[in-house]
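Taken straight from TrEMBL:
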type    : residues : note
DOMAIN  : 1-334    : domain 'Aminotransferase class I/classII large'
MOD_RES : Lys196   : N6-(pyridoxal phosphate)lysine
Amino acid sequence: MKLNTNELPFPPPPAAVEAIRAAAGERLNRYPDPTGLAFRQAAADRLGLEPDWILPGNGSDEILTLLIRTFCRSADSGGDGGGDLIVSPHPTYTLYRTLAEIQNCPFEAVPLNGDWSWNWERVEAVKQRARLFFVPVPNSPSGTVWPAETLERLIPDDGLLILDGAYADFEDGRLGLDLLNGPHGDRIVLTRTLSKSYGLAGLRMGFAAARPEVIAAMAKVKDSYNCDTLALAGGAAALRDADWLDETVRTVLAERERLTDGLTALGFDVQPSGGNFVFCTHPDGQHSARFDMLKERRILVRYFAFKAWPDGTPDGLRITVGTPAETDALLTALESFAV
Ligand code: PMP
């Protein structure tokens, strides 16, 4: 059972599969549309924007890479030689740091408080210097959803706040849009993926939503054909199926509640989550032993240890919301755990 990478446990929208089949039958001898216009129109319609506010990517991970390649000078690229600073909270999605390192850009983590709230002194200390500030909402692995007033305070003085909405659909698909449409919108980028809420992790499709000048700058840097014909067709069809998404999110949220209740009944502290996963800790601290026990029973969850997080939870388990049968099997296995 795969409850470790926050995929959907169900197949994607049938309309998306049909669109992929049709595109495979008709258009594979031709290059894809390099501008991805039909996809951009579908994404724009979903968010109430215009197509020139959207950039499709080969998964949202590609969008994160493109942001760095477009807006950040590496440490060895001349000028003052220091490179442009990339920032994210800690603990969070670890790819931001990895991508910064790959591009040879300086990186700083802002440690969150132990309750996953922001340490404003630390934020203020980096905000003037950050070129890109990556913040996932909901956060991973905690599932924390910070309110818009909090996010607004994170906008760098002379840089971009990237609101990574990989899990936004499970909380509110419009997350971050008010900021993008607001007075500081030229310093906001939203990212979205079809890997989670749409069940299309294998297709590799995501996108950025930002002001047209930001999108145009990124479009110059991307490969001409960064998204293939099948991904563009399937992604557009998925985004147009709002009823399927509503129904799917409702199902996941109901199961998340059952999982949370079950874990709580077993003595876990479960962090309130806006995503399709929960982060939990047990007062006995035996998280890695539980991870090993589950793995032995072929149930995969994520074990996190936060070594450089001085005033927080040292470790815990992140569990993806699966099917009801998977929740039952997981809870039964955890119940049998003896210290
Ligand atoms: N952001 C966050 C916070 C994630 O957890 C993930 C999935 N691991 C991604 C972005 C990237 O997802 P994808 O490349 O599949 O769109």
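Cβ coordinates come from backbone N, Cα and C, glycine included.
Listed in sequence order, the residues of the same chain lying 6 or more apart from the residue listed as 'N6-(pyridoxal phosphate)lysine' and placing their CB within less than 8 Å of its CB are Asn6, Glu7, Leu8, Ala166, Tyr167, Asp169, Phe170, Gly275, Asn276. Summed and averaged per residue, pLDDT over the domain 'Aminotransferase class I/classII large' (1-334) gives 96.
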